[in-house]
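Student: Could you have a look at this structure, given as structure tokens, before my questions?
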Amino acid sequence: MPKSESAVIRGEEIDYEDHLARLANHEDRSHSRLQAIRKNPWAFAWCLYAVWTILVVAVEDQASYNVLSIPQFRKDFGSSFAGNYVLAASWQSAFSGAPIATRVIGALATGQIADYIGRRNTLILALALSLASVTMEFVATSKALFLTGKLLNGLAVASIESKAQIAPLALRGLSTVLMAFSAGAGSLTVALIINGTGSYTSRWAYRAVFCSQFGFAGIAAAFVWFMPESPWWLLSKGQEDKALKSLRRLGYSKSDGEDAKRLASIRVTLEEIRSETEGVTYFELFRKSNLRRTIVAIAPLSVEIFVGAIFTGLYSTYYAQLAGYSTDMSFRLLVTQQVLAMVGSVMACYLVERVGRRNLTVYGTLALTILLWIMGGLAVGGSRNELRGAIAMVQLYSWLYSLTIGSTAYTFLTEVATARLRVKTMAVGLATQSCFGLIWSFVLPYLFNPDEANLGGKVGFIFGGFSIPCFVLLWWYQPETARRSYEELDEMFVKKIPARHFKTYKTEVEMKAEALSRREEEAPPKEEQQQQHVQ
């Protein structure tokens, strides 16, 4: 075949594929959440599975944080101080900080491992490691063995990543918000278990929490063998046939051409960014146009640490006990706190599209800043009622945090990065958050503990001070990404559209899709075209 004729055919193939991709993008934009669920029930089902895997992470995190509030745990692993048992600040730092350190390593390694062996196989390895490390935590009678289990589990939970790539556009925000809801459900589960067993005078006071992790990780491990591999990863590796099979397992039908349109959309997006990211390394995240996207993707996750989420997660129950509440009442307050957090997550499922990611993140951070300053002020007073007021601020904080940045941070992380940089961006984002969390996990025991600085709720001033520059950063950098395809986000970042204009900007992708849709609507039916051809 002559080269010119071959080039023409290739050009027609590219035009046809681009045509299919535009159709897929336009259809995605036109679907409501309910329509997307009805059209892609299997994709939604696997999004729910991804939500379940977050329970594994959430239960591990909350079990680690809240065992400190269990008197029997402090007795078995701590020492006597002023008539009570206290775990030394150094060991508190080790138990909370060491697994965060391994999480940094795990998050960075996950990017390379997942690119090499795939998302599914990475998750299988992570779940196996998690089950092994939970066993060590469960049987531990020494601080060294318990710490070893925490270290290994830090590696495991870092590899249980989001599956936002398989979510249809209309469900993308919902799926990531549901992950925040899942984290709240895991926290509530731990709170309920501690409320039921935390007053025991045997090792089961805290072992019951670790025992529950076998159930969550076990169910995730049972279903992971049926999970389809990411079609984005398969196509990026040139495995087109497997990518098509994966799309069909996600509910994109072959009979009506949905699988072909979706494959074309993925291919076009990958091709458009390949020239920019060919041979990409982690350093590529911080070069040229990618730097802004990296900051936008990881900033909310890092801000979560600086606005005090680590304090309310680690010390709310212990603080309630120090403020004068009984052990049983402090556990009930923990349950209330987690219920409020889940209510916030449920509300976020609705508001993340109506109000938008940017507004929830930016103004939510401002509201949290105000709460932190109020909490610090009440703690300074020190009276019984003022301390209870500070505890009430912690409760309100949990609701507001889950409603705002606690739900939107992962949405930004999964939406903003380019397709080929997404895993690496997520790895860097989680690693950055873990690094900041590591610092605070070592510092907080010395600020909070009654045998150290004994600041208690006055740490609200510290986090409130850090929250102010965080608010400014988010207001300046965070764009609105709701209802935008990955291709549209690519275009707007390349054109350097200001963050505050993302919501109203009309992209070329959007205009082409609308024009194509109009042509499809104005075109005569196929039967009429055939009759005209016969005549």
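Cβ coordinates come from backbone N, Cα and C, glycine included.
In case it helps, TrEMBL gives these features for our protein:
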DOMAIN    47-482  domain 'Major facilitator superfamily (MFS) profile'
REGION    513-535  region 'Disordered'
TRANSMEM  42-59  transmembrane segment
TRANSMEM  169-194  transmembrane segment
TRANSMEM  206-227  transmembrane segment
TRANSMEM  295-315  transmembrane segment
TRANSMEM  335-353  transmembrane segment
TRANSMEM  360-380  transmembrane segment
TRANSMEM  392-413  transmembrane segment
TRANSMEM  425-447  transmembrane segment
TRANSMEM  459-477  transmembrane segment
Student: Return the stretch with the most CB pairs under 8 A relative to the transmembrane segment (360-380), choosing among 42-59, 335-353, 425-447, 459-477.
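Tutor: Top-ranked stretch among 42-59, 335-353, 425-447, 459-477: 459-477.
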Student: Mind checking which residues reach the transmembrane segment (392-413)? Cβ under 8 Å, same chain, six or more beyond either end.
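Tutor: Contacts of the transmembrane segment (392-413) (Cβ under 8 Å, skipping residues fewer than 6 from its ends): 162, 172-173, 176-177, 179-181, 183-184, 296-301, 303-304, 307-309, 312, 316, 319, 333, 336-338, 340-345, 347-348, 351-352, 357, 360-361, 363-365, 367-368, 371-372, 374-375, 378, 425-426, 429-430, 457, 460, 478, 481.
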Student: State the residues, same chain only, that lie 6 or more residues beyond the ends of the transmembrane segment (459-477) and have a CB under 8 A from a CB inside it; answer 'none' if no residue qualifies.
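Tutor: Contacts with the transmembrane segment (459-477): 292, 295-296, 299-300, 303, 306-308, 311, 361-362, 365-366, 368-369, 372-377, 379, 390, 393, 444, 447-448, 499.
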Student: What stretch of 42-59, 295-315, 335-353 shows the most Cβ pairs under 8 Å to the transmembrane segment (206-227)?
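Tutor: Between the stretches 42-59, 295-315, 335-353, 42-59 has the largest tally.
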Student: Would you kindly check 42-59, 335-353, 425-447 and say which stretch has the most C-beta pairs under 8 angstroms to the transmembrane segment (295-315)?
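Tutor: Ranking 42-59, 335-353, 425-447 by Cβ pairs under 8 Å to the transmembrane segment (295-315) puts 425-447 first.
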Student: Over the domain 'Major facilitator superfamily (MFS) profile' (47-482), what does the predicted model average in pLDDT?
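Tutor: Result for the domain 'Major facilitator superfamily (MFS) profile' (47-482): average pLDDT 84.
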Student: Same chain, outside the transmembrane segment (335-353) by at least 6, Cβ under 8 Å from its Cβ: which residues?
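Tutor: Sequence-distant neighbours of the transmembrane segment (335-353): 33, 173-174, 177-178, 180-181, 183-185, 187-188, 190-192, 195, 312, 316, 360, 394-396, 398-404, 406-408, 411, 482-483.
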